[in-house]
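S.K.: Annotated active site, proton acceptor per Swiss-Prot: Asp63, in sequence order. The NAD(+) binding site annotation in Swiss-Prot covers 63-64, 131-132, Lys142, Arg159, Asp161, 172-177, Ala196, Gln230.
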Amino acid sequence: MKIVLVSRIDEADALRYTASLARELEGLGHEVALEEGTAAHLGEGGISFEEIDGDLVVVVGGDGSVLLTVHQMKKQVPVLGINWGEVGFLADLEPDEAGTFFAAHTEGFHIERRMRVSLSVNGVPLGDALNEGLVVTDRPAKMLRFGVYVDGTPAERFRADGLLVSTPTGSTAYAMSAGGPIVDPQIEGFLLVPLAPYMLSSRPHLISTGRNLEITLETEKPAHLVIDGQSTFELEKEATLTVKKSDQPALFVHTGKPFFEKVNHKLRNL
């Protein structure tokens, strides 16, 4: 197999581990390449995220590193995360588990698809999110007013500090911290979670991906859309955000660990 390695570059131990893993994988007969940022810190040549086109991408880092990799890849390639972060909901393996895992899976892996949301503003596509799109004011202590329309029907209007448009995968990220539910990633839906809403009646909504979902920014205050913490876009007043299911899901290696077992383990070890 052709395997591309990506490491967080702010941790020397992570880089050393990645270099060691590269040698181990080559010893198992795999063709190994390094992402160019990782390669530069190891004194090697590498390839850009946009050029990644192999059988597997191994990310040594936390959820942020995995999100960056998925966000930057031009073509979605199966990802396996090795946790070198705080929680690592998107990183299934611990560093000491990787060697055994690869030795036991020399012929291939079971791949799990995770839906992403495609976000556009006023008809202009801005990108896909694996975790969430965040609409937030750029002026602290100023609230925004939102209108939510499902199949053209007004479903909710509320004032809040911001709004999260999350995937089921993202339900264990910012959305969970904001009071949203944990959603089984096998469910395909759009999770809307208001941030500090003015009215207690403004609750999270889980909406089928089969419906047409639009969110209007009913305010003249400046706001921004942040996609997976990676890309930021300024929103015009009275902008309309259209949310659709992306036709390019993220691909992850399924390591055999049940989702709710992972959630229970990681939340108890925060």
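Glycine is no exception: its Cβ is also placed from the backbone N, Cα and C atoms.
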S.K.: In the structure shown, with every protein chain counted, which of the binding-site residues Ala173, Ala175 has the densest set of Cβ atoms within 10 angstroms of its Cβ?
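M.R.: Checking each of Ala173, Ala175, the winner is Ala175.
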S.K.: Roughly how many Å lie between the Cα atoms of Asp161 (NAD(+) binding site) and Asp63 (active site, proton acceptor), rounded to a whole value?
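M.R.: Cα-Cα, rounded: 25 Å.
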S.K.: Could you tell me the C-alpha distance between Asn131 (NAD(+) binding site) and the residue listed as 'active site, proton acceptor' in angstrom, no decimals?
M.R.: 10
S.K.: For Asp161 (NAD(+) binding site), what is the tally of other C-beta atoms lying within 10 angstroms of its C-beta?
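M.R.: Result for Asp161 (NAD(+) binding site): 17 other Cβ atoms within 10 Å.
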S.K.: Should Ala173 (NAD(+) binding site) be counted as helix, strand, or coil on the basis of DSSP?
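M.R.: Its secondary structure by DSSP: coil.
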S.K.: Write down the Cα-Cα distance for Asp63 (active site, proton acceptor) and Gln230 (NAD(+) binding site), rounded and given in Å.
M.R.: 12
S.K.: At 10 angstroms around each C-beta, which of the binding-site residues Asn131, Gln230 has the fewest other C-beta atoms nearby?
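M.R.: Gln230, out of the binding-site residues Asn131, Gln230, has the fewest neighbouring Cβ atoms within 10 Å.
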S.K.: Rounded to the nearest Å, what's the C-alpha distance separating Ala173 (NAD(+) binding site) and Asp63 (active site, proton acceptor)? Just drop the number here, would you?
M.R.: 9
S.K.: At a 10 Å cut-off from the C-beta of Ser177 (NAD(+) binding site), count the other C-beta atoms across all protein chains.
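M.R.: Result for Ser177 (NAD(+) binding site): 11 neighbouring Cβ atoms inside 10 Å.
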